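Undergrad: Straight from Swiss-Prot, here's the annotation block:
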BINDING   244, 255, 419  Mn(2+) 2 binding site
BINDING   255, 335, 380, 419  Mn(2+) 1 binding site
């Protein structure tokens, strides 16, 4: 923790530098960052699970305390307005004493609607950063989530500090422990529901604490890209297992996927081929490389796998050009990762917010940036038997290039996705997921 505290000091210095830069450009006195506030369920007296503003948790690992605020100007010590109501119904957050507390000036707010007493007097020249524009209106903010400020902050979020990288290594380490436990549960005959409970128990995080809804899919359910239904009974025949699950550490996410075959067969061989291909793509990552080019290269490598496994026929380039590979691999290669699972800034060409759209033939790609040092990205190629997409191939001559007998053999297995979390360094890549022991 002492090492993390040292890195945190440097992290805060960098965030202050960024704020000083953008507020000077925009003639702002500073930023007032709202952690957020609870959302009440419709016609109910209960709230939805709280999700903190990512721009708030960028500054400090407070992810579960709504109605808190940060006042930052890039020069003075940040002010944390920390919500501690008098409340006998709920757990009230303790006064902060962790490693980060000495780096902020803490003031305690007991009533959420009294926050104006703690805010700068010249509020007109401060920008509100947060979700609740109605609150910003009441407080008198004229500058609310300025595009220029958000574009600048989101663009630079891709450049992770040493503190952020340390947090992401830890979140990967935690998730790997869960993945290993889930794999064992699968081979021991657990249901989807039971596997998820094993995973959450292994990482000591609840469903509302992990960074996204875990995907635990057996057999053909693995073909559903965002499957979260969770069957509570085991299938009569156990064929395959796909788990896409992460963990949280100090507000930073990991996002890891693995696929398994219950027995040695063609599907297991296909997993081996996809695993090898994924590592080849990771080896291509370095500063200056376009993420779009990596995605396209993945399609060409997948095309050769489809040919090798007699799933499709023809030449690899033709399978890509005709969109046949997209029917088997419809999503993007991956995305930026950090405070959010799909971290902001993946489409930004510069700090002014210039947008780089995904290629028309690959509309679901979530990142179009050029790789640079200290970026963290996921690499997650997949191959699936998705009938609604394959049906489109049957509408034209492309059907002749698909071996439907092999498709029928693979259909009960659903699909494969293999996802690692990778840091781009100046002279190498750091595969955090594999480094913590989650290999094939």
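Note that Cβ sites are derived from N, Cα and C of the backbone, with glycine treated the same way.
Structural setting of the listed features?
TA: For the recorded site, residue 419 (Mn(2+) 2 binding site), the DSSP three-state label reads strand. A sphere of 10 angstroms centred on the C-beta of residue 419 (Mn(2+) 2 binding site) encloses 22 other C-beta atoms.
Under a cutoff of 8 A between CB atoms, and with a sequence separation of 6+ in the same chain, the neighbours of residue 335 (Mn(2+) 1 binding site) are 341, 342, 343, 346, 366, 367, 377, 378. DSSP assigns residue 335 (Mn(2+) 1 binding site) to coil in the three-state reduction, placing it in neither a helix nor a strand.
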Undergrad: Can you check which residues sit near residue 255 (Mn(2+) 2 binding site), meaning Cβ under 8 Å from its Cβ, same chain, 6 or more apart in sequence, and list them in order?
TA: 211, 212, 244, 246, 337, 341, 378, 419, 421
Undergrad: Could you say which of the binding-site residues 244, 380 has its Cβ with the most other Cβ atoms inside 10 Å?
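TA: Sorting the candidates by Cβ neighbours within 10 Å, the top entry is 244.
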